[in-house]
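Record features (TrEMBL):
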type: DOMAIN; residues: 53-295; note: domain 'G-protein coupled receptors family 1 profile'
type: TRANSMEM; residues: 42-62; note: transmembrane segment
type: TRANSMEM; residues: 74-97; note: transmembrane segment
type: TRANSMEM; residues: 117-138; note: transmembrane segment
type: TRANSMEM; residues: 159-179; note: transmembrane segment
type: TRANSMEM; residues: 185-212; note: transmembrane segment
type: TRANSMEM; residues: 233-261; note: transmembrane segment
type: TRANSMEM; residues: 273-297; note: transmembrane segment
Amino acid sequence: MSTLAPLRLLRDPSNASEGNQSNATVGASGGWCQGLDIPNELFLALGLVSLVENLLVVAAILKNRNLHSPTYYFICCLAVSDMLVSISNLAEMLFMLLLEHGVLVMRPSIVRHMDSVIDMLICSSVVSSLSFLGVIAVDRYITIFYALRYHSIMTLQRAVVTMASVWLASTVSSTVLITYFHSNTILLCLISFFLFMLVLMLVLYIHMFALARHHLHSISSHQKPPAAHRGGSLKGAVTLTILLGVFFICWGPFFFHLILIVTCPTNPFCTCFFSYFNLFLILIICNSVIDPLIYAFRSQELRRTLREVVTCSC
């Protein structure tokens, strides 16, 4: 998959400086440094699946008034962010294919402008997806530990302010990133943001995991532990483990790639890692496919609404 600038620079930062030296080192390091040849069809297929999934989630939440609550609004925003990931991927793919096959002919200045627009959409979707994953973690934490005060803490007005702030911050940060993409300071800010979200989710989910484990032990201490409560605690603990695992697997390699760009852009081991950039993009798109399965489709009310939406569309 061809990537546009500045994403092309992220894929192969060695081109920015000492490119010949880096390429020679990579060539001498063995075939495993050549990366993976991921077909364009895979990008398109995953993008379409993610787009359809998240579109269904948004349609179901908008259709069912019972789902008009801050929790589901945050899930809806995450679905929209994941849709932007899919749309930007599909738009980039189609744009590059049309240019490469001569179907679309544009002046270089217009091409650069289109590059910037698509890159800004990609960066904005990445930042907003990460932000809403963190917001959902905070919302779940409040639901569990402050259940009686949840509706007074997470009011509709605060939810709207939170969502608007995330979208505004994502748009501004993506504009700054595209404008100053050559600066390591920008990459460091993006890396710091990811680490902050990772630590935030770790702390909140580990605390919730510990509560579920304590609840399970409390139930087990009785002579006749209720099977339903025991299963619910185990299910909650497993869900939290899956959430953290999926987040780290899907997002970790991409941001580790950014860390290596800042710390060792011409090191032979780093350049080998850079050659797998397309795989890291695939993982991010896979995260957009998995998110609805974890955050949305587990809700019985939302699944029922989804069936109604699909039935009406058919």
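Every residue gets a Cβ built from N, Cα and C, even glycine.
Just so you know, TrEMBL annotations never went through curation; they're auto-generated.
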Contact yes or no, the transmembrane segment (159-179) and the transmembrane segment (273-297), 3+ Cβ pairs under 8 Å, gap 6+ = no
Residues of the same chain, at least six outside the transmembrane segment (42-62), with any C-beta under 8 angstroms of its C-beta?
-> 1, 68, 72-73, 75-76, 79-80, 82-83, 85-87, 89-90, 93, 281-282, 285-286, 288-289, 291-293, 296-297, 302, 305-306, 308-310
Other same-chain positions with a Cβ less than 8 Å from the transmembrane segment (74-97) and lying at least 6 residues past its termini are 1-4, 40, 43-44, 46-48, 50-51, 54-55, 57-58, 61-62, 103-104, 114, 118, 121-122, 124-126, 128-129, 132-133, 135-136, 139, 159, 162-163, 166-167, 281, 284-285, 287-288, 291-292, 295-296
